[in-house]
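Down below is the structure, laid out as structure tokens.
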């Protein structure tokens, strides 16, 4: 893809030149479009003062400069000749003295002397020093030919109008004007009253960046967002290249082991002291994901935040929502990707609509509308009810699983089931019976069987429940020794689900068998586990010691293919992990409010190899068969027994 060439053709046409200019043709008495449009765009023009040598003015200037130089040269030549004559005269006198002393010489000697007499000295050219250090340079650019354009407008139509104004008409005109002024004042009063009401509603509530944007900013917000993304793409170009094209070639020599390549890191200044409590990818926009911020420490409870990031802009979130209580869970609606259901630490649930430019949720529960009495640990959207109303479920530590329906402008709740702990019915002295409710920590609904769902509890049990029965469980799994942090159905196989717990283990179950199929000890509290969307046998788990573990049961049933330290161990723990539904990327959240995105190496997403002459079968049936084959290996000893 990087080597692909994109040809671009340069043309002399001006893209900004208008193509639809019309002029009035007096000959045809109609407006006609002009066929020729001037494509020239002048970027720079400068008038020079250079003159051509061969032109008349150039020759005149040359003659003038030559005449000025001539008198200076002649004076210099005369002075040189005078000096040479003086030298010759002195030479002659010296020669005469010598002749007198020696006497008369022979004729031959005289002839020889005459022959040896020096020839007159050649005139030396002496350069005069320039008194004024002055250089003149000039340049000239080609002047564009002048073109004249003229246009003639159609004469404006004229009409004569005359009327006589009497006193009554003048009076009526004044009365109409006064009535108009009164009407406009009444409208302004009504607007002022509505504005005051809105201000009173918003008092005490923090405005987000969306609300505080002025009219001017909203006009350019889209362009500014695109510009910001372009700048970020240039800044993080090497990471974007790795995300798109880099495949770790060293995987071939690693004996089926894989690695995680760190990509972008998402962080926001206001969430530094908050932990990542929930992550969810948007079902429509595959680069967009929501992050919930709160705190798992009940001693350090404060405000919470809901941020939405995109991989196109890692430096700043797309949406920011703040809440009075910490957010513990969230979920996107599959058919309405702008709706986000949220569960809070104080037991409330809410629904945010991303299409509305407001920081407040569109729907929120209250003390009167059946809110939970303890933290809400998970929320999940369900299919619309018989009246086509949107609804979602929530599970909480108070033992209630509640269905919330969005009716007009309020949330209507119905209790689906109450989790009671077996053998904990206490007999009071007065004859009253008190039943202790089990605290729900996680749940998941079956992908195909609409009424079936699983609930994980603080006691380590997993209940198989039905929406139809509110008082009984279909089955109980003695799953873990500590709280079940996450439970999730396999996206392909209808019988298989996975669970993880703080007791260091990850277990894979068949819901028709009470014992686990696979058990993995990760030697640290497991915070979250997630199935991969591209394979039925791949899953990832994160532990409190800052490591991420990726398994592929089809390649290795006993050990992880990749165990990698993602965050430093000091005062930090990984809390959540999620696979991207399309790209080979996982995002991991930690207790310091950071989100790290990592790319899976080729060994962690191996697909079946192509054999010569055979087509590779793909699809859910192949994935189901792959996992079923592994489960049969585990089931065989039991069937023999």
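Using the three backbone atoms N, Cα and C, a Cβ is placed for every residue, glycine included.
Residues or ranges marked as region 'Disordered' by TrEMBL: 79-124 (among others).
Annotation comment: TrEMBL describes 80-90 as compositional bias 'Acidic residues'.
Residues or ranges marked as region 'Disordered' in TrEMBL: 184-210 (among others).
Here TrEMBL flags 184-202 as compositional bias 'Basic and acidic residues'.
Among residues of the same chain six or more beyond the repeat 'WD' (477-510), those with a C-beta under 8 A of the stretch's C-beta atoms are 441-449, 454-464, 516-531, 533, 536, 539, 541, 543, 553, 620, 623-624, 627-628, 631, 635. The repeat 'WD' annotation in TrEMBL covers 477-510.
Here the repeat 'WD' (477-510) returns a mean pLDDT of 89 for the predicted model.
Per DSSP, the compositional bias 'Basic and acidic residues' (184-202) is made up of 19 helix, 0 strand, 0 coil.
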